[in-house]
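What TrEMBL says about this one:
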type     : residues                                                                               : note
ACT_SITE : Lys19                                                                                  : active site
ACT_SITE : Asp146                                                                                 : active site
BINDING  : Pro104, Val105, Ala106, Ala107, Gly108, Leu109, Gly110, Gly111, Gly112, Ser113, Ala114 : ATP binding site
DOMAIN   : 76-153                                                                                 : domain 'GHMP kinase N-terminal'
DOMAIN   : 224-280                                                                                : domain 'GHMP kinase C-terminal'
Amino acid sequence: MCAEFSPRPALLHERAPAKVNLTLRVLGRRVDGYHDLSSVVAFAGAGDRLALAPGGGLGLGLEGPGAATLAGDADNLVIRAARELAARVPGLALGRFTLLKRLPVAAGLGGGSADAAAALRLLARANALRADDPRLFEAALATGSDVPACLDGRACLMQGRGEALTPLELPRFGAVLVNPGVAVPTANVFRALSLAPGTWRGHASPVPAGAARDALLDWLAAEPNDLEPPARALAPVLGAVEAALRATTGAHLVRMSGSGATMFALYDDCRAAAAAAKRIAGAHPAWWVKPTVLG
Ligand SMILES: C[C@](O)(CO)[C@H](O)COP(=O)(O)OP(=O)(O)OC[C@H]1O[C@@H](n2ccc(N)nc2=O)[C@H](O)[C@@H]1O
Ligand SMILES: Nc1ncnc2c1ncn2[C@@H]1O[C@H](COP(=O)(O)OP(=O)(O)OP(=O)(O)O)[C@@H](O)[C@H]1O
């Protein structure tokens, strides 16, 4: 007699890439309190990783350098996203997640949003949901404004609260991400803009579709991150981060991502980015400094 073969369900893996806002215009504040945005969003090679062992109850374990800064509890965006999807998909099979947390937390890189999006993609795979199932998008938006963009994971123009996404073809850049270790809560930065609900401030300049690298860089230089002035007021160390990035060879654009406090610079290629990162890390050993690709 032979026992029936019942293999353990395979562990599924997803990358959770850092999100970088190359531009971020705050166009106004809606009556629901959220701000209307227009932002060119790119994704980095650097990021977290999430695994799912399908089957059983919902759970989350944390590993990696950022594991000590977070709890794998109901507040974790991985668990929140899974619950949002379970509320929309009757009988959704769940499982135990393991998060390799490498990105700094509350850093403007959308790390939590990337993890939540990776959780939704893993659950979609485990439950044979189509990638374009609208319940995935709905669960993403219910989890956070950045999660829909992270769910798709490709460069885009993000508008509205974060729900209107237009794919963009961007050239690939080398990049360095620098976080000085100061957590800046997103809500505090938006609040510091002091925009009353119902306020409208105007339009963003249209993205030059298919622009060559230099033309795109010129356009990016003229379209700021409107959250940078309030974030600088909350985290004055951003001045030192900017100076360190500007002092590197070949930095094309030096800017803050999202609500901060991570700043980035763009370079022609990975080699220039790696050299710049080495220089900054040597001078500022307490900062998180990551060379990567962006596109
Ligand atoms: C700054 C960005 O990272 C740019 O990509 C996002 O707009 C923020 O995305 P997120 O962290 O997923 O934001 P949520 O978790 O939805 O909201 C966090 C806080 O930011 C405020 N918030 C967020 C997005 C938005 N368009 N307007 C806002 O005013 C919300 O009122 C909330 O108090
Ligand atoms: N898996 C997670 N990773 C990071 N933060 C998480 C996670 N789950 C919950 N959080 C909480 O979410 C908040 C935002 O964290 P996150 O790292 O996504 O911020 P952020 O990079 O500033 O996001 P954004 O760029 O979307 O504003 C923090 O207060 C953190 O405690």
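Glycine is treated like the rest: Cβ placed from N, Cα and C.
TrEMBL annotations: computationally assigned, not manually curated.
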Handout entry: Spatial neighbours of Asp146 (active site) that are distant in sequence (at least 6 apart) but have CB under 8 A
Key = Lys19, Gly110, Ser113, Gly162, Gly258
Handout entry: Contacting binding-site residues for ligand 1, chosen from Pro104, Ala106, Gly112, Ala114 when the Cβ sits under 6 angstroms of any of its atoms
Key = none
Practice task
Would you mind pulling the DSSP three-state label for Gly112 (ATP binding site)?
Solution key: helix
Practice task
For Pro104 (ATP binding site), just count the other CB atoms lying within 10 A of its CB, please.
Solution key: 24
Problem - Environment of Pro104, Val105, Ala106, Ala107, Gly108, Leu109, Gly110, Gly111, Gly112, Ser113, Ala114, the listed ATP site - residues of the same chain whose CB lies within 8 A of the CB centroid - result: Ala18, Lys19, Leu103, Gly258, Thr262
Exercise for the section: Out of Lys19, Gly110, Gly112, give me whichever of these recorded positions has the highest number of other Cβ atoms within 10 Å. Expected result: Gly110
